[in-house]
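Written below as C-alpha cells is the structure these notes are about.
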Amino acid sequence: MSQVPCYTIINSPDLEVPNEMQLKQDLEKGDTNHKIETLKKVIKLLLNGERYPGLIMTIIRFVLPVQDHTIKKLLLIFWEIVPKTSGDGKLLQEMILVCDAYRKDLQHPNEFLRGSTLRFLCKLKEPELLEPLMPAIRACLDHRHSYVRRNAVLAIFTIYKNFDWLVPDGPELIANFLDTQQDMSCKRNAFLMLLHADQERALNYLASCIDQVHSFGDILQLVIVELIYKVCHANPAERSRFIRCIYNLLNSSSNAVRYESAGTLITLSLAPTAIKAAASCYIELIVKESDNNVKLIVLDRLIAMKENENMEKVMQDLVMDVLRVLAAPDIEVRRKALALAMDLVYSRNIGEMVLVLKKEVAKTHNVEHEDTGKYRQLLVRTLHTCSIKFPDVAATVIPVLVEFLSDTNELAAADVLIFIREAIQKFPALSGLIIEHLIEAFPQIKSSKIHRAAVWILGEYVEGPQIIEVIDAIQQTLGDVPMVEAEQRRLSGDPTEEQSQQQGSATGGVSGDGSSSTTTSTSNAINKVTSDGTYATQSAYSLAPVAKVEKRPPLRQYLMDGDFFIGAALSATLTKLALRYVELQPDSSAQNRLTTRVMLIMSSILHLGKSGFPSKPITNDDTDRIFICLRTLSERTPEAVSVFMHYCREALGKMLDAQHDEDQRVLKEKQRATAKVQPDDPVLFAQLSNGRDNQLGENVFESSLNQALAGTKTAQLSDISSPNNKLNKVTQLTGFSDPVYAEAYVNVNQYDIVLDVLIVNQTNDTLQNCTLELATLGDLKLVERPHPVVLAPHDFCNIKANVKVSSTENGIIFGNIVYDTALNTNVVVLNTIHIDIMDYIIPASCTDTEFRQMWQDFEWENKVTVNTSFTDLHEYLRHLLKSTNMKCLTPEKALSGQCGFMAANMYAKSIFGENALANLSIEKPVDDPDSKVTGHIRIRAKSQGMALSLGDKISSSQKQSVQAA
C-alpha cells in the first residue's frame, strides 16, 4: 500500500453508473468536448473503485492522439490512477504504446506540455515505463524554458530516489547543471536534489558561492538554510564554517528565510550575540508581519527560547523591543507579548516597562475597539504583577490604575480593586496613598459591583482622621438622609437639601428687594418666531409643566434599582469605621455623634427597602446583615467587635498566602516538568544516536516527521509508556459465531479518528464485494467510504476509515458489513462504537473573575445529581477530576479538613477551544461516617452538546463506581 499514491476523492451524485460499452462509444465517436466530459466521468469512476480494463485500448486509439491541451491534462490524471499491471503483477502490454506517447510529449514544442509530462513522471512507480524515457528526460535539462528545466530536475530527483540504477550519474549530472544555471527556481530544485542525494556536492557548491548567498532568491535560500541545519546537526564541527552565512541570511528580504535562519542560528550557537540576533529577528518579524497567525507562531518561538535559562538572560535586555508588539490590534498577540515581557523584565528595566504600559493605558481611553475592554483588563493585570513583583514601582502605578475605577468596563475596574486590595495588604507603607486616591475616585465609580469592593477596602484600611473623610464621601454619594423623606419630597416637587444648596450657590448674590423674581420671570420668557416672520414673546408661566428627570447620587440609585446588597456592604463598612473611630476618639460625645450618624444611614436604608419606592424590596438576607451591624454598634460585644475589626483582614491575609503558595506550587511543577533527564532515568534508543552531550538537541525535521507518522505527540508518548495501550482500545464489532468477524482499533488523533478494522472470513466460501458500511451520530463525519474487498475462505484483511471530528460531543459510529456469496447478499450488523469526549478535553486554569464571567455568559446548564458509593468528600472530588479531565480551581487549603460539606469550581477546555465549567456542591453528615456523599454538579458550557456530553460522562462514571462497590 505504501507504493500507491494518495488521491483526492471527488464526490459525484449517486446517478446510474454508465456501462463500459456506452463509455467506449462516447470516446470513439464523440467530438472533443464530448470526449473531455467522458474522460472526466471515467476518472471519477476509477477513483470510486470501478474497474474498466477494456477502456485502456480505446483511449490509446481514439483519445491519446488528440492534441487538445485539456485532454492532455486529463490523460495525465488518467494514466496516473489507472491500474498498469495485470493480476500477476506484470506490466500491461498496452502501456508500451502509452510509453511512446510519453516520449512524444517530452519532445513536444509546447513547454507547458513538456513540463506537465515531467511532473507526471515523478508519480510513476513502474521502472519499465521510465527506462525508455530517460534520454528524453535528460534532454529536457537543456530546454530553453525554465519551467521545463526545473520539472526535469524534479523528475530526475524522483527517479534517482526510487530507481537509482536508471540514472546512476544523477548527482553529477545535476551538479554540472547547477553550475551553469541562472534561473533561481531551477537552482533551487537542483540544490534540493543534491541536499538529499549527495550532500558533499551540495556543500562544495555552497562553499564556492557562500558570499553570494544573500543575492539568491528566497526559495533557494530556504533550501540552503535546511542544508546547513542538517549538516551542522550531523557534524557539529561544521558550525564555524557556515554560521556566518546564517548571520547574513538574517537580513534577507524574505520573512520566511529570516524566520528559518533565526531558528537555525539558535540551534547552532548559544553565544549571546547569536541569541540576541535571533530574538531581534523574531521581534522584527512580529512587528512587520500583518498576519496574526504568523505573529502568534513567532511569539511561541520566542517563548520557547525564554524557557532556556541561558537564552533568558540574554533576552532580558530585549524587553522594550518585545513591547513594540503591543502595536498589533489582536488581543491574543498582545496577551502573549505582555506575558513574555513580564517573564523577562527585571529590576533594571522595570521602570521603562511601566512607562510604556502607562502610555498604552492612555491610548485605550481614546480608542473604542471591540477588544479595548479586554486590553485594558490585560494592562491592569500586567501592572498589578509588576507592582507585586517589583514593589518600588507600585507608588507610580497606583494613580494610573485608580483612573480605571470610573471606567464603564467592570472587568478592568474589578481587576484594579483586586490589585489595590493586595497592594494595601502587602505594602502598608502605601496605604495612605492608596486611600487618598480611592476616596478621590469614589464619587466617579459607575458600577455597584465596583462600589461594593471599594467600600470594603475603605472600611478595612482607613484609619485616623481619614475616617470622617470617608464617611463624608459615602454620604455624598448616598444623598439626603433619611432617604424615604427625601424621595417623598422629590416626588412632591419640593426641593431637596441638595437642590436647595445648588440653587443657593447659583443665586447667592441676588438682593432681597424682589429683583430675584423679576430676573427669574425675565429669564423664563422665550422668544418665538411666528409664521409671518415677526417675533413673539411667550412666558414660561403659560407653558405646561414638563416632568424633569433628576439624577440621583450613585449609591442612592443602586438602592432605588433594588440592589440592597450594596446597602449591606455599606452598613458593614460604616460599622467598621465607627468602631475604629470609637477606639481612636476618647471624647464620648464625639463617639456618640458619629455612631448615631452611621446608624441613621443604616436605618434609612432599611426603611427605604420596605417603603415601596425601590423597584424591588430589600431581601431578608440584606435585612439581617444590616440588623447585625446595628446591634453590633449598639451593644459592642467583644466577640462581634473582633469579627469586624480583625477577622476580615486576617481572612484576606490567609487567602493571599494561599494564592501565593498555589502559585509557587504550580511554578515548581512546571520546573519539574521541564527538568532535564536524570542519570537514573531510562534512556530511549532514539536518544542514544544524538547523545546527551550534543548541544544541538533533537533534529527538528526528524521529530516533526515522526510526529506526523505517529499522530499526535500525546498519543505517541502514551503508546510508548504503555505497550498494551492499543490493545485496550480494541472494540469487538461482531460475534465469534458470525460468518464475518470484525474488530476495530480506535486511534483518536487531534481532529480525526482512524478506525483500523480487522475483518476475518470465518466461512469456507469466497466473499465478493465485502464492504464496510459506516454511519455516524453526533458531530462526526465520515471522510470517505471504504472500498469493497474480496476475501478468500478463512482470509482476513484490514480496512481503515477516517472520521472527522469538529466539536467536543459524544459521538456514535455504527454500521454493518455487506458481502456477496454464490447464492445471495448477506448483512452482518456491527456493534456501535462510542467516541469518548475525554479524548478531546484537557485541564485548564482561569482566574476567579473569568470563571464568574463565563458562568454568567454561558447559557447551557446541565445539573447532575450525585449518586455514588463514595463516603468521603475528598475521594469523590478526586474521582470526579480523574473521570472528567477537569482541573479544580478551588485552592487546596480551602478544601482541607472535614466539615460535612464541600463546594469546588472546576474548569477544562477542549482542543477546539470550547470551555467547560463545573460547580461541585456535595455534603454528608459529619456524625455518620458510613453515609454516602450526596449533592449535585452543575455544568455550564456555551454549546448544548458540550454540557450534555460532560454530564453523561459524569453519570456513567458514577454508575461504574456504584457497580464496583
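We count from 1, first residue shown onward.
Keep in mind that glycine also has a Cβ here, set from the backbone N, Cα and C atoms.
Swiss-Prot lists 128-165 with the feature repeat 'HEAT 1'. Residues or ranges marked as repeat 'HEAT 2' by Swiss-Prot: 237-273. Summarising the annotation, Swiss-Prot assigns repeat 'HEAT 3' to 274-311. Taken from Swiss-Prot, the feature repeat 'HEAT 4' covers 313-350. Taken from Swiss-Prot, the feature repeat 'HEAT 5' covers 392-429. What Swiss-Prot lists as region 'Disordered' is 488-526. Per Swiss-Prot, the feature compositional bias 'Low complexity' maps to 513-523.
Residues 243, 247, 250, 255, 258-259, 261-263, 265-266, 268, 317-318, 321-322, 324-325, 327-328, 330, 332-333, 336-337, 339-340, 343-344, 674 of the same chain sit 6 or more residues outside the repeat 'HEAT 3' (274-311) yet have a Cβ under 8 Å from a Cβ within it. Confidence for the repeat 'HEAT 3' (274-311), expressed as mean pLDDT, is 91.
Nonlocal intrachain contacts for the repeat 'HEAT 4' (313-350), taken as residues 6+ away from its ends with a CB within less than 8 angstroms of a stretch CB, comprise 272, 275-276, 279-280, 283, 286-287, 292, 295-296, 299-300, 302-303, 305-306, 356-357, 360, 369, 371, 374-375, 378-379, 382, 385-386, 389-390, 392-393.
Sequence-distant contacts of the repeat 'HEAT 2' (237-273), counting only residues of its own chain at least 6 positions beyond either end whose CB sits under 8 Å from a CB of the stretch, comprise 206-207, 210, 213-214, 218, 221-222, 224-226, 228-229, 231, 279, 281-282, 284-285, 288-289, 294, 298, 301, 305, 310-311, 314, 695-697, 700. DSSP places the residues of the repeat 'HEAT 5' (392-429) in helix, strand and coil in these numbers: 34 helix, 0 strand, 4 coil.
Per DSSP, the repeat 'HEAT 1' (128-165) is made up of 34 helix, 0 strand, 4 coil. Within the repeat 'HEAT 3' (274-311), the DSSP-based counts of helix, strand and coil residues read 33 helix, 0 strand, 5 coil.
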